[in-house]
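Undergrad: Submitted below is the structure of interest, expressed as structure tokens.
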Amino acid sequence: MSNWIPLWLHRLSSPPTFYRFAGTLQPWAMTLALLLGAVALYGGLVLAPADYQQGDAYRIIFIHVPSAWMGMFIYAVMGVAGFIALVWRIKLAEVVAMQSAPIGAAFTFITLVTGSLWGKPMWGTWWTWDARLTSELVLLFLFLGVIGLYHAFEDRRQGARAAAFLAIVGVINVPIVHFSVNWWNTLHQGSTVNVFGKSTMSWDMLWPLLTMTLATKCYYAASLFRRVRTDLLDLEGGKDWVRQIAESEADR
Amino acid sequence: MAEHPGVATACAAMLRRDLTLAWRRRGDIAMPVLYALIVTMLFPFALGPEDTLLQRIAGGVILVTVLLAMLLALDAMFSSDIEDGSLEQLVLAPQPLALLLGMKILAHWITTALPLIVIAPLMAAMLHLPGAVIPVLLLALLLATPLLSLLGAVLVALTAGTRRSGMLLALMLLPLCVPAVIFAAGAVAAAQQGLPWLAPIAWLAASLALAVVLAPLACAAALRIALDA
């Protein structure tokens with residue numbers, strides 16, 4: 001029967017196994033991220049034609065849009081991992097949820113910064129209270145709240161569980177916030193700012209964007225693996241498998 | 001096995017205990033009210049005393065001021081119960097924890113939010129909000145403040161095990177109460193412009209109905225996580 005998948009997942013959730021698994025995959029993910037990122041940047045900055053209306057300024061979307069997608073994707077990962085951590089009390093899920101939060105906050109911050117850099121020449125302002133911008137800002141604050149709560153506890157596992165709970169509350173609230181912000185914006189502002197409208201993108205511009213999306217996903221995996229490995233060593237400090245690793249490092 | 005008092009008796013006792021405790025320290029009840037009045041007074045100083053400007057911002061200023069005043073009082077929701085250990089007893093009680101916490105939240109709302117709603121017309125008058133809009137403002141506050149109490153209680157329960165919780169609570173709560181502020185301020189603004197204001201009020205009421213059911217359960221779960229040291 002095909003019950004090797006749950007068995008394999010179950011074994012993977014043990015810290016030493018995941019430590020080795022992540023250690024094997026991490027260099028590959030990082031290489032792939034750098035490679036894809038370089039290709040996407042070349043495609044986006046050199047090969048793709050300039051926009052007929054925005055000129056070269058539009059090229060910032062090759063960073064901006066993948067970062068925005070990653071911000072939401074990582075929040076979802078954090079929520080799912082937090083749910084697993086609370087329901088099945090798996091230590092690895094706690095670590096994954098908590099180590100995802102700073103990466104997600106960084107991507108959300110990059111989204112906001114690149115967006116405002118683009119907004120200055122295009123809209124003539126660094127910041128406008130557009131619905132999308134506001135939800136992105138709320139998302140950043142949710143990430144920061146999770147990180148803050150995690151660090152407020154002295155016991156790290158307890159902090160991780162509390163912060164995971166906050167992340168789940170956020171998951172329920174994010175659609176409500178997004179919807180209400182949309183509603184608020186259309187009430188006050190007659191014309192909404194459409195970033196792309198319904199126009200389909202030309203393939204010359206689309207493929208670097210999709211490649212960059214893959215690159216950010218790979219970067220997230222590599223960064224997460226590295227952070228989780230470090231955190232697992234710290235968390236499991238006194239255990240045998242950590243001592244073995246420390247001794248083999250010392251022997252080299 | 002000993003006879004347990006019924007759920008209704010326990011809830012009534014919980015509510016009476018919290019209200020009595022609050023009444024014994026009446027000075028604490030006055031603090032958020034004074035805070036809200038002083039903050040409202042600062043706005044004309046900062047923005048100038050023109051009637052039209054103050055009128056336009058009045059609804060939003062009152063809502064945000066009430067929100068901040070409630071935020072200041074939220075910290076105290078469980079703190080004394082944690083210090084004397086009665087919160088642990090509550091967790092061990094045979095009655096459902098969510099219901100008992102719901103009563104605590106209700107008591108907290110009565111002692112902090114209700115006085116703020118009572119003085120809201122005074123704050124509205126300070127900012128020259130037209131008299132016709134005040135009923136809408138009160139209705140919006142009546143629906144939005146329990147929502148904030150319920151949401152806040154979940155987050156206070158989460159921080160119950162930590163030392164420094166004041167600023168952290170603000171960082172966690174304020175992004176989550178964006179919808180409440182939008183809908184309440186939207187209703188007031190619509191009423192001020194003579195537009196129909198029922199839709200945002202209905203959204204507020206719907207969110208409140210959702211929160212009344214879910215928040216006590218979430219609060220109980222959060223408290224179990226925070227006390228599980």
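Note: Cβ is positioned from N, Cα and C throughout, glycine not excepted.
Keep in mind that TrEMBL annotations are predicted by a computer and have not been checked by a curator.
Dumping what TrEMBL says about this protein:
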- A:11-188: domain 'Cytochrome c assembly protein' (DOMAIN)
- A:28-48: transmembrane segment (TRANSMEM)
- A:68-88: transmembrane segment (TRANSMEM)
- A:100-119: transmembrane segment (TRANSMEM)
- A:131-150: transmembrane segment (TRANSMEM)
- A:162-185: transmembrane segment (TRANSMEM)
- A:205-225: transmembrane segment (TRANSMEM)
Undergrad: So, does the transmembrane segment (A:131-150) come close enough to the transmembrane segment (A:162-185) to give 3+ Cβ pairs below 8 Å, pairs being at least 6 apart in sequence?
TA: yes
Undergrad: With Cβ-Cβ distances below 8 Å as the criterion, list the same-chain residues six or more beyond the ends of the transmembrane segment (A:28-48) that contact it, or say none.
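TA: Hits for the transmembrane segment (A:28-48): 59, 62, 204-205, 207-209, 211-212, 214-216, 218-219, 221-222, 225.
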Undergrad: Under 8 Å for C-beta pairs, could you tell me which stretch among A:68-88, A:100-119, A:205-225 has the largest tally with the transmembrane segment (A:131-150)?
TA: A:100-119
Undergrad: Same chain only, please: residues at least 6 beyond the ends of the transmembrane segment (A:205-225) with a C-beta under 8 Å from a C-beta of the stretch. Say none if there are none.
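TA: Non-local partners: 22-23, 25-27, 29-30, 32-37, 39-44, 47-49, 51, 61-63, 65-67, 69-70, 73-74, 96, 99-100, 103, 107.
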Undergrad: Excluding the flanking five residues on each side, which residues at least 6 beyond the ends of the transmembrane segment (A:68-88) place their CB within less than 8 Å of a CB in that stretch?
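TA: Here the qualifying positions are 94, 96-97, 100-101, 103-104, 107-108, 111, 115, 136, 139-140, 142-143, 146, 160-161, 163-165, 167-168, 170-171, 174, 213, 216-217, 220.
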